């Protein structure tokens with residue numbers, strides 16, 4: 001994505017656009033599924049994902065100015081670059097928004113989430129979130145056990161989750177991920 005400081009809710013594609021493959025995202029530890037959001041309560045594939053990955057807790061989050069107190073501040077917090085000590089799992093049921101993740105060269109990759117998209121961000125990856133210009137998204141949040149959502153703003157090079165993420169990348173590819 002481009003590094004423009006324009007409205008964060010815009011697509012921010014480079015010119016010409018640079019698309020990345022699902023394999024590239026997987027190499028960064030980002031997992032993706034496309035499911036049927038109209039039937040999420042009875043979706044067998046979602047059930048299998050939850051069981052195989054141990055996602056026992058689920059809640060729903062409606063993000064829009066009318067439903068969220070201190071909406072602008074919350075959006076600003078979500079858009080501040082951070083990591084988590086655990087995976088971040090989000091399933092888009094309605095609306096849309098962007099997850100931005102850092103690649104191995106510390107460049108942003110923008111992932112546009114639309115209904116049916118489920119992504120898993122690995123613990124320790126730098127990322128941020130914003131709505132797009134629709135100003136609405138309904139997300140399912142999944143957690144292993146009780147929900148823990150603690151954001152550690154960058155820099156966090158000494159955080160155990162970040163160290164583990166960098167170590168896994170080095171082991172997988174034989175080269176260290178740049179620590180910035």
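Each residue, glycine too, has its Cβ placed from N, Cα and C.
The Ni(2+) binding site annotation in TrEMBL covers 82, 84, 88, 127. For 82, 84, 88, 127, the entry in TrEMBL reads Fe(2+) binding site.
Shown here: features listed in TrEMBL, placed on the structure.
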| residue | record | Cβ neighbours (10 Å) |
| --- | --- | --- |
| 82 | Ni(2+) binding site | 19 |
| 84 | Ni(2+) binding site | 20 |
| 88 | Ni(2+) binding site | 21 |
| 127 | Ni(2+) binding site | 23 |
Cβ within 8 Å of the Fe(2+) site centroid (82, 84, 88, 127 excluded): which residues? 83, 121, 125, 126, 128, 151
